[in-house]
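Asker: The structure under discussion is supplied below as structure tokens; questions concerning it will follow.
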Amino acid sequence: MLFAFGLTLFAGLATGIGGLIAVARKTVTEGFLAGSLGFSVGVMLYVSFVEILPGAFDELTSVWGEKGGSWAAVIGFFGGIALIAIIDRLVPTAINPHEPSTVGGAVEGFERRNRMMKMGVLTALAIAIHNFPEGFATFLAGLSDPMIAIPVAVAIAIHNIPEGIAVAVPLREATGSRRKALGWATLSGLAEPAGALIGFLLLMPFIGPEALGLCFAAVAGVMVFISVDELLPTAISSGKHHTAIYGLIAGMAVMAISLLLFI
């Protein structure tokens, strides 16, 4: 049990490594910001469509058949999008980055910091939700077969490094504090060992493929919405459009290679 929990903790703390990479730079240039956010978009879109959502389809079709399970996965996916969209609309206009400003530069700087803060917190929340069932899955793999669990944990750790960057970059820009940015990045990853512990104590006797599949589908929807509504527009608005797109492609490539390494 300690071995399984240790593997899960290792994978979760990798977000802190990503945060450390993001805050190690002395200044955050527009190019670095655009590239990092674009990279994060690539990571989140690829992992959502290639790993999380197909996993939801597999879980749900195994219970409700091809048609019923597919419908459930699609509903869960768009349900996740609707949930985060509603939360976004409930944010007061004064701090909502989607509301245009009619005031000058000082307010624009204030709105930029608010946008970055909101983006970082929402990204941390989405990653934490994603890491919760992921941690439980890593823990179960560690309990069942250590030879399978080790490459799974390493692959998840590789995934978590760019996710830590996704959290730390906007929060460093918003707060000006490397310590806070690194703390949030690390905290989002600690959802992984928390998922392992809570899952072992409470969920394991009750959770079934239906709940797990719907959870995966909704998390994929949340991550896609954040990517296209928050991360990508901010990356492009930096004025470094091509840098953002190159970062996006690089993020997808890193995720693809990390998945292929452990097939």
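Placed from the backbone N, Cα and C atoms, the Cβ positions cover glycine too.
Not measured: the values here are computed from a predicted model.
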Asker: Given Swiss-Prot annotates Asn131, Glu134, Asn160, Glu163 as Fe(2+)-binding, which of Glu111, Glu173, Glu192 belongs to that site as well?
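Answerer: Fe(2+) site check in Swiss-Prot: besides Asn131, Glu134, Asn160, Glu163, the record includes Glu192 out of Glu111, Glu173, Glu192.
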Asker: I need to check the long-range neighbours of the transmembrane segment (37-57): which residues 6 or more away from its ends have a CB within less than 8 Å of a CB in the stretch?
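Answerer: Same-chain contacts beyond the ends: 69-70, 73, 76-77, 123, 126, 130, 159, 162-163, 165-166, 169-170, 213-217, 219-221, 223-224, 226-228, 231-232, 234-235, 238, 243-256, 259.
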Asker: CB neighbours of Glu163 (Fe(2+) binding site) within 10 A?
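Answerer: So the Cβ neighbour count for Glu163 (Fe(2+) binding site) comes to 28.
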Asker: Restricting to the same chain and to residues at least six past its boundaries, which positions have a Cβ under 8 Å from a Cβ of the transmembrane segment (206-226)?
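Answerer: For the transmembrane segment (206-226), the far contacts come to 44-45, 47-49, 52-53, 55-60, 62-64, 69, 72-85, 119, 122-123, 126, 129-130, 133, 199.
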